[in-house]
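Structure first, then comments.
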Amino acid sequence: MAGSSGRWRSSTVGLGLPVDLNTWNRVLLLACLVSVFVDPLFLFVAAVRAEEACVERRDRGLEVALSLLRSMADAFYIMHILIRFRFRFTTPYLLLHFCLDFLAALPLPQAFIWVAIPNIISGSNMSPWIHVAGFSMLFQYLLRLYLIFPLSDQIVKATGVLMKTAWAGAAYNLMLFMLASHVLGSCWYLLSIGRQVECWKKVCNLGHWDYYYYCQYEFFDCGTVGNPTRAAWFQVTNISNLCHPTATASFHFGIFSDSFSFHSSSSTFFNRYFYCFWWGLRNLSSLGQNLLTSDNVGEINFAIVIAIVGLVLFALLIGNMQTYLESTTLRVEQWRVRRQDTEQWMRHRQLPYELKQSVRKYEQFRWIATRGVDEEHILKALPMDLRRDIKRHLCLDLVRQVPLFDEMEETMLDAICERLRPRLWTSSTGLVREGDPVNEMVELPTGPLTKLQRLFKVLETNVCYREICQRNDSGEVSFDQLGQSNRLLTRETWDRLGQLIKGQVEGSILLEEF
């Protein structure tokens, strides 16, 4: 994928899409998820009018909205095919993936809703359209689900992760589980209508009606409600009572009885959808343990599918959620282990209480300041030129605050910035002790300092700079000239120098080793 990213980039730009491969893959993945969410909603187009014992296409506005959403998703599939044709290697694509992409891009649900269903309903046998709707859209739906997995793999290979944050990854896996509940609830709704029609057909085939009241399957289309023959047949048969789940013992609805007991097939779209979604989520989470099936083979197989899919998806959800959420607390756990190791070490070495408190305070302060992020490790992993630019951005303004450094050339300042290292000091921490050799320079961006009034002699080999940094109470920095005396620091001079090398510091410092 890395080798072909340039070709993908040029192809997308050539088609008027100013995006690269990774961005396009994420956009296409979003379009795929929208598509697999919209497709099951087509199953809610049909509704049962229980009091008339017929099936109807209830909401034309819903059909229009779903068709528009599905057409927008199809446009991304078509654009994906065009982008693939801009590849240099067209023949392998035609042999392997073009047929799958072409079948996935076909507007089958729209064609079925607006072309096939009206012809089927107006025919002599209306009931098979329910099964045709299920199998035709199920094939393309499974195909689009299949195409999501290689697309996700491409994103992971290119960027290392599917989602940029841990919480987004956890939400993505939870969304997939909810999507499966949405699909199962929609299928359960359509199968419940088919189960109701099956009961009507069984009553219709009893065969004890005379010729005038002869039953026809087309009576189950709500478009024939005004037919006098159907009206007479409906009054004689009392079919609405014979096929009610609570009023018949000859026909068992099994797992579909709830659909009619709560009138979900006769209510509004939102009532039907959310009840079916809750049914799918409840049974998928419980692995179908509460399902009481009849002796119908198709119904039993559907319950088996719910149990297996629920078991697999629930295991994947728990595993992926645990992985993503553990990544958010990984640094906290590492810090906790480090604290335990430090406590055991201090107890083993029998450190006094004051030293233990100082160590604990420093560890706590470092965690608050860095949250476990090792800045030096991050910088070392970067290329030299990028590391130099970052160091210059972080340190150049601070170094220029010293007048001596401000007069230096840019190359020398860059060299100084490269030598700077970040450090964190807590309060009452000595930066340098009297008598120690001076082998480093400290730049203090933040933090108050206290004075240390002592005499300090500079060794013969050392040179004391004339510019000594003094921080006043307001936090401003000033530079005082010490004259020509650079061999012996007086008490007054040491008062100012003590501002720099001994203090109560609560913040970060930059340290340069000579």
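Counting starts with 1 at the first residue shown.
Cβ atoms are placed via backbone N, Cα and C, with glycine included.
Curation plays no part in TrEMBL annotations; they are all automatic predictions.
Annotated in TrEMBL:
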type     : residues : note
DOMAIN   : 25-329   : domain 'Ion transport'
TRANSMEM : 27-50    : transmembrane segment
TRANSMEM : 62-83    : transmembrane segment
TRANSMEM : 95-117   : transmembrane segment
TRANSMEM : 129-149  : transmembrane segment
TRANSMEM : 169-191  : transmembrane segment
TRANSMEM : 300-318  : transmembrane segment
Query: Any residues 6+ beyond the ends of the transmembrane segment (169-191) with a Cβ under 8 Å from its own?
result: 33, 36-37, 40-41, 43-44, 46, 130, 133-134, 141, 161-163, 255-256, 259, 264-265, 272-273, 276-281, 283-284, 298-299, 302, 306, 309, 313-314, 316-317, 320-321, 324-325
- prompt: What residues in the same chain, six or more past the boundaries of the transmembrane segment (27-50), come closer than 8 Å to it by Cβ-Cβ distance?
  reply: 19, 56-59, 62-63, 66, 69-70, 72-74, 76-77, 80, 109, 112-113, 117, 130, 133-134, 137, 140-141, 144-145, 147-148, 151-152, 155, 175, 179, 182-183, 186-187, 189-190, 193, 196, 222, 240, 244, 260, 263, 265-266, 269, 272-273, 276
Long-range neighbours of the transmembrane segment (300-318), counting only residues six or more past its ends (CB under 8 A): 173-174, 176-177, 180, 184, 187-188, 191, 255, 283-289, 291, 293
